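As annotated by Swiss-Prot, ATP binding site applies to Gly34, Pro35, Asn36, Gly37, Ala38, Gly39, Lys40, Ser41, with the evidence given as sequence analysis. Taken from Swiss-Prot, the feature domain 'ABC transporter' applies to 2-236, supported by sequence analysis.
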Amino acid sequence: MVEVRNVSKQYGGKVVLEETSVTIQKGKITSFIGPNGAGKSTLLSIMSRLIKKDSGEIYIDGQEIGACDSKELAKKMSILKQANQINIRLTIKDLVSFGRFPYSQGRLTEEDWVHINQALSYMKLEDIQDKYLDQLSGGQCQRAFIAMVIAQDTDYIFLDEPLNNLDMKHSVEIMKLLKRLVEELGKTIVIVIHDINFASVYSDYIVALKNGRIVKEGPPEEMIETSVLEEIYDMTIPIQTIDNQRIGVYFS
């Protein structure tokens, strides 16, 4: 379980997060939704210790993350940022192997290769694993980075807009894969996502942010409501039920 208690963050005097508290339950997919600038990515980065908080506390499995050893934390928590830049020429397989660094320190074992090959298989990258990243489409590159996170084999996986650059087919495949990681392997996944319909269909719990505050949280059946979404997005979004899934018709 991850507990965020009264976390605040400012940049240059501008409040990005204000007295934010939320609990992430284990073994579930939790989605952060909200308009641009709401604080979603900042909250995720603070939870993963990529950004320092100004105040507040964050606990992972009962331990304050500031007190966690970095090497041990990397075995428990992995994160994929919104923008990923690597300045050396790597193949997909090379990149995915980086996910094992917390365990191998660069000296890969047979067990490491099991995780690497499993991640490549999950992401359907075996046939192109020897291609260089600069030879890939945006979607293929995104899938390679997600495979690296999977290879890290952590209890907690934090993903900042992982559907960027993906077409509909691969977006659905990614979300189904994340669901499998939760249901089959017991992973806990937190995802920043813009499409409320992906959040509705695949999340166990949704947290909505606006202007640096959590304005609403709950299961999809409570969150994907016209009145709730209007408070979050300042627009009226009709809701339809299709195959027992609540879908927001926001493009009409």
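The backbone N, Cα and C atoms fix where each Cβ goes, and this holds for glycine too.
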Go through Asn36, Ser41, the listed binding-site residues, and name the one with the sparsest Cβ surroundings, counting other Cβ atoms within 10 Å.
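Ranked by other Cβ atoms within 10 Å, the binding-site residues Asn36, Ser41 bottom out at Asn36.
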Enumerate the residues of the same chain, Gly34, Pro35, Asn36, Gly37, Ala38, Gly39, Lys40, Ser41 excluded, that satisfy the criterion Cβ within 8 A of the mean position of the Cβ atoms of the recorded ATP site; list them in sequence order.
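What remains near the Cβ centre is Leu209, Lys210.
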Determine the mean pLDDT over the domain 'ABC transporter' (2-236), rounding to the nearest whole number.
93
For Lys40 (ATP binding site), which residues in the same chain are close in space, meaning a Cβ under 8 Å from its Cβ, but six or more apart along the sequence?
Phe32, Ile33, Gly34, Val192, Leu209
Sequence gap of 6 or more, Cβ distance under 8 Å: name the residues on the same chain that satisfy this around Gly39 (ATP binding site), in order along the sequence.
Lys9, Val16, Leu17, Thr20, Leu209, Asn211, Gly212, Arg213
Here are some binding-site residues: Gly34, Pro35, Gly37. Which one has the most Cβ atoms within 10 Å of its Cβ?
Gly34
What are the sequence-distant neighbours of Ala38 (ATP binding site), meaning same chain, six or more residues apart, C-beta distance under 8 angstroms?
Leu209, Lys210, Asn211, Gly212
